[in-house]
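Comments concern the structure below.
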Amino acid sequence: MADAETFAFQAEINQLLSLIINTFYSNKEIFLRELISNSSDALDKIRFESLTDKSKLDGQPELFIHIIPDKTNNTLTIIDSGIGMTKADLVNNLGTIARSGTKEFMEALAAGADVSMIGQFGVGFYSAYLVADKVVVTTKHNDDEQYVWESQAGGSFTVTRDTSGEALGRGTKMVLYLKEDQMEYIEERRLKDLVKKHSEFISYPISLWIEKTIEKEISDDEEEEEKKDEEGKVEEVDEEKEKEEKKKKKIKEVSHEWDLVNKQKPIWMRKPEEINKEEYAAFYKSLSNDWEEHLAVKHFSVEGQLEFKAILFVPKRAPFDLFDTKKKPNNIKLYVRRVFIMDNCEDIIPEYLGFVKGIVDSEDLPLNISRETLQQNKILKVIRKNLVKKCLELFFEIAENKEDYNKFYEAFSKNLKLGIHEDSQNRTKIAELLRYHSTKSGDELTSLKDYVTRMKEGQNDIFYITGESKKAVENSPFLEKLKKKGIEVLYMVDAIDEYAIGQLKEFEGKKLVSATKEGLKLDETEDEKKKKEELKEKFEGLCKVIKDVLGDKVEKVIVSDRVVDSPCCLVTGEYGWTANMERIMKAQALRDSSMGGYMSSKKTMEINPENSIMDELRKRADADKNDKSVKDLVLLLFETALLTSGFSLDEPNTFGSRIHRMLKLGLSIDDDDVVEADADMPPLEDDADAEGSKMEEVD
């Protein structure tokens, strides 16, 4: 062998290894699933490359996974004829470059997650150290020579060019030197059970090197020959007698052979009624690397002009990187006539359904399809349309069980709202799946459909309020009149609600109306209308004074018919941003600031004529519109209204000073008196004297 090069593990990987080695995990068996899954991925890659270039398979035409237990040396070997690794791949992928999931996986482990999640974070290879204290990887890639990677996980690993080992042709061979207490993993029965449990549905043959003992019957002719030689004489015997006396002898002969473990045909080729829940769960786990079972499954086939079979799964919880834009989703595996084509096919399902896992096997797509031609492919567009339809059907099936749907909605509500924003064709269908808290729903969530059935007589619109949290909006001044009239209001407190509701203008013919925007119209009796007109007239002067004081801060000041208890509130234009949307946009680091100028619409101040503060303010303003206290109070009211209406203050310090001034007034403290009192006090001669005099006073 050539000289070995030594490399240090990247710090995070080193941490991960010490965590895997030094912590007790009960389900160490998952290591085999992870290593077989890696082999399957490597085989997928070479098979895909060979579709366009057959010569890629010359080094090793067969595609397989072999498992060899060795009781003599206490090793377990896993060999695949996959794509193999170059020297650079070995160094980077197995030690020096941490994947994005390394840190997240360690954090998840620290938070009590199961070690079997390791595959979801892309660091499944290191699970080998759950059962082995030394791992040797020999690999051959078509573009490089054969190399050996070796490590006992002590902070470093070596890579050596393999000049003397057995030539692989192409692929990877992993030898695990098992720990003394992990010898169960060289037992044939145990290995077979593990492959059946976790890797039954891998689409390549997984063969186990098994020991076979055969009993052979042999006649004892040879023994007789030996005896004759020893005695040196031949006894004459009757032939018949000789035949009778000839005995048959049994001997045990040991042989080895490959035994195919995953004999099942692809699960999606079988009829749904023939498959039980456990089989679906096993297939889901092998497909997704999830340690939990799925929440729901949809197994269907489409026939006619276009033929394909598919199985779709909804997980129980959202993955840690659900909305990671850098990560390509690889949740739907695409097969063509049972041949795996690709697993991060972005065009097969819209982004908002990126959490759905599964497989699609098409009869019509060409085998040599590439990503570039896939985008233009009409067949794929039809498959995509069908998948979206079936996903939505599946969600409605989940919704039939309230408990399951609550789990689903908690994990994936953002995806549904993203669907409202992006998928105009299915918008009305997705809207039926939305759930919100409301002024009448208590701790339960309500659907838009249920809201419509509870609407009051004569109510034509669906009312909602957006905000930062349920707590922030449930006592909002915007809801006062609506609550008084017994009208239900939906709380939309997810940041993405603002975007979704911008697209969902109505539901079942009922317009969605924001309680925080101008133009809120509620049914009024003749008496109410008359009273409103009188109050408008009465408060006209105050409205003008407030507008003069606030200037450009507000567009107009009007008498409100939406606030009942609060003195005032600030509403936004019907087509501009709400206060909540303004908050969201300000929080975006890469926002287009020019857009904020025209989208954050001018505010309208609505005053409550029946509030005692407003009534007193009106009297003062009518008496003297230049009264300084009126100006101060108007500014204070405006700033508090900004806060209660969900806006942020541009000058919090000024607001703080105003509050302090009001506190002093309330406590009858005069600033001038405080200054004078300080001036009258004689300077202290000495600290010690001061302390002494204090002591004398106590005496």
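Just so you know, glycine gets a Cβ as well, placed from its N, Cα and C.
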Query raised in the report: According to Swiss-Prot, which stretch among 40-44, 605-609, 610-614, 695-699 corresponds to the feature motif 'TPR repeat-binding'?
Result: 695-699
Requested in this report: Write down the single range among 148-171, 412-435, 676-699 that appears in Swiss-Prot as region 'Disordered'.
Outcome: 676-699
Query - Those residues of the chain, 6+ apart, with a Cβ under 8 Å from that of G124 (ATP binding site) - result: E34, L35, S37, N38, I118, N289
Query - N93 (ATP binding site), number of other Cβ atoms within 10 Å - result: 15
Query raised in the report: Once near-sequence residues are set aside, which residues in the chain of G122 (ATP binding site), 6 or more away, have Cβ atoms under 8 Å from its Cβ?
Result: R99, S100, G101
Report summary line: Between the binding-site residues S100, T172, the one whose Cβ has the fewest other Cβ atoms within 10 Å is S100
Query - Three-state secondary structure, which DSSP defines for N93 (ATP binding site) - result: helix
Report task. Within 10 Å of each Cβ, count the other Cβ atoms, then let me know which of the binding-site residues E34, D80 comes out lowest. Result -> E34
